[in-house]
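Worksheet: one structure, shown below.
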């Protein structure tokens, strides 16, 4: 293709435009650097007559480029042509395009895609007073900025927008005339000269079709703009002069009128006649100019005499004496010209009226239809036609409406014949009273028979075709016909055994209103709907029954005391009852898969070889059920998600949920908290063990004194004992009997204390006296074992309310144990301290210590550690149990601490402090009632309604105000509102246990200083310690000892120490 173009340049065109010259112009012009870029190395530019350029690709295809500007041509390099092209004879010698470019009279500028100037011709440099060295390589807006002295300058903004449009749209952009001042460097400095330009920006494409350069052509139209301004000023001047001429004319007319009046005064008859003529003419002209039609008058020869202003308004031409032939030739549509002239010739020759419709050209060039009518005016004397009076009425809108109506009718008929719905036009028949009783089919479509089953219906009434048709059909169609109301309804026609969906509206005909009815047989849909309705009703009833059963089951599940969980095949929890949530805590995250079981904490607790090992995700009961295991049964220890977490021992059982085919589709798991049972079993086992140990110790302790007694009896039976021997033997028997009596007294004492039969003789006692009396009792033992005793008394006076004998017994027992279980030569420290409302008495030693596992049960009855293998210290293991109970009877508590065997031990007794007058010292951290007999505000919180109400009634009988709450969250709100003095809290509450409730009440300003009393069924020492740690002041195990509770409430006069 390239070779053919080079050899036959006159035989090929660059594009399909009929005015394209198709000349190939080789490129050796001024844009050689641009031409040699890769974007142009496979293209030859071609010039077209219509101001565009064509590019010849290397494959021979021709593409046109939109460049409405002076053409710029690019050379096709020889090294890009086929081998034969190098051998071909050149078409012509390449001219110097740089010279041509510079000689081009139009200013040109070449920009790259970043708006940097790459080339410029001489015309542009001259027009802008610049030089190529100053502007080539620089950004166009750096070279040509806006005039800073012109606040309305917008040249940069408009040119930038045009260049951006060229890049975006890839086509030329012709700008409106722009005011773009040019910066001029003169002898007095730089100034801006006002210039006006007509710019055109054209794209240049690379081989990929992207815009690589932009050719910016401008024409300096400054003189044109100035001439335009001068013309505008001149037009204003002419308008002013025209106004002056009009004023002069008015004055001339006024003078003329005055002259006429003077002439008229001389010739009255002539003046009156002329006035009448002028008035008549004025009325005619006013009337003619006010009507919307074009009014015209022509004489008998066909020359125009008068055209009203509507003619000039419509055609834009003021006619004077044009003939009808000239008017028709200039303004009538060519297709209507011959018909118009023929009708005019017949009317003119026949002397009758002229009437025709033709299209008349308006000033805009648009044609509109006009109805043209003219009547001849005959001379009364001669009878000859002198004038023709005519009108031209615009009927274009009517013509369009008629055409639209014809088109609409065609469409209507096509739709009428083709739609699937039935359609008919009916005439409703009314009786003498105006009631509709029948209707006749005027028109029907082909689908009417299919939809109704009726044939040959046109011209017949519905009562002929369906005699039993219901009356409501007549009533509805009668209402539509009389009121014009449009209706849409569904109804049954039993006479036709069908249901119809109907749309009816009134149409007005010349002979009266009709009703158009569009309808569709929906019998099948109705039957299907009824079937579906019955099916849905049955499904709803079944669903309601299922929902009722589900609710019953859910109520049963929620009320169940064991945790129940239903999971799907992935292990995701579908249902969990309240017991499960209480078991695991309110913060448990749930699970969506078996792998997420890793966040659940559980340890085997079945005393097997895996006992104590944490469960893996797939060892949980749910995972094993889903894996196919039938009815697993596990005992595990779990840790809840409460804060702080709670450990429980749980019995877990479960079974798979299967579908009708036996496939496992889920699992159901039951979880029972057996922590109390496990603790009870452990306690029972420990009690059993302690009982056995106690009986063994009791036998041992009884045999020890019985042995010397028996030996003494045997010795006396020999009869050889003298008085000295008898006294010695009697002393042995007396000491051993006293020892046995002490053992029995200890047992009886423990029994009385445990059963609450001990009566305390309380007085105000100085702690110093308690310590000194206890030391006096135990000093012989301490000295016999060569211990060092250090006594460290508080400098503050410390009084307690108690039975001096029992309190000395407590401290003496602790000192006795320290002396017995500390190797000889040990250290014993006895000290007192005052801590707010507490008096602390501590006994420490560096003896054999206490094992960690024994510390939790050290105060239980019959508990005794094997401190010495030979049991040389003796004892029944009831001393510390007695000590603990006596301390509690005094409103205090006792604690033990030991770092382990061989590390010594420390026992601390805490008792409520009293002032010297017997009242409790002021506690800045608690606010309590002022003393006995004060009415307290008491809040009872227990989820067991009966227990809460009975306890509340008992406290009310004591004379106090009582508020009862069954849920911890409502209790928090009540406490904020009432600020109770005393709060009795159950530990096992739903959603939030009593420990957490106590912590929150402690942090509320309304209850921060209230007395908190724990009331719980958990009675172990660790439970008591946990309650005190949570912030409780007192602790009662259920059932509550009413006498002690009454005494506590009655005696609250300050901060009662923690522990009851």
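Just so it is clear, glycine is given a Cβ too, placed from its N, Cα and C backbone atoms.
Keep in mind that what you see is a predicted model, and the values were worked out from it rather than measured.
Annotated coiled coil per TrEMBL: 238-276 (among others), in sequence order.
Long-range neighbours of the coiled coil (532-559) within the same chain, counting only residues 6 or more positions beyond its ends whose Cβ lies under 8 Å from a Cβ of the stretch, are 575, 577-578. Per TrEMBL, coiled coil is recorded for 532-559 (among others).
Predicted-model confidence for the domain 'PAC' (178-233) is 86, expressed as mean pLDDT. Per TrEMBL, the feature domain 'PAC' maps to 178-233 (among others).
Feature annotation from TrEMBL assigns domain 'PAS' to 280-351 (among others).
Summarising the annotation, TrEMBL assigns domain 'PAC' to 354-407 (among others).
Here TrEMBL flags 549-585 (among others) as domain 'PAS'.
Here TrEMBL flags 631-686 (among others) as domain 'PAC'. In terms of DSSP helix, strand and coil, the domain 'PAC' (631-686) has 12 helix, 29 strand, 15 coil.
The domain 'Histidine kinase' feature in TrEMBL is assigned to 697-915.
Helix, strand and coil content of the domain 'Response regulatory' (937-1053), in residues and according to DSSP, is 54 helix, 25 strand, 38 coil. Residues or ranges marked as domain 'Response regulatory' by TrEMBL: 937-1053.
Residue 986 (4-aspartylphosphate) has a Cβ environment of 23 other Cβ atoms inside 10 Å. Under the heading 4-aspartylphosphate, TrEMBL lists 986.
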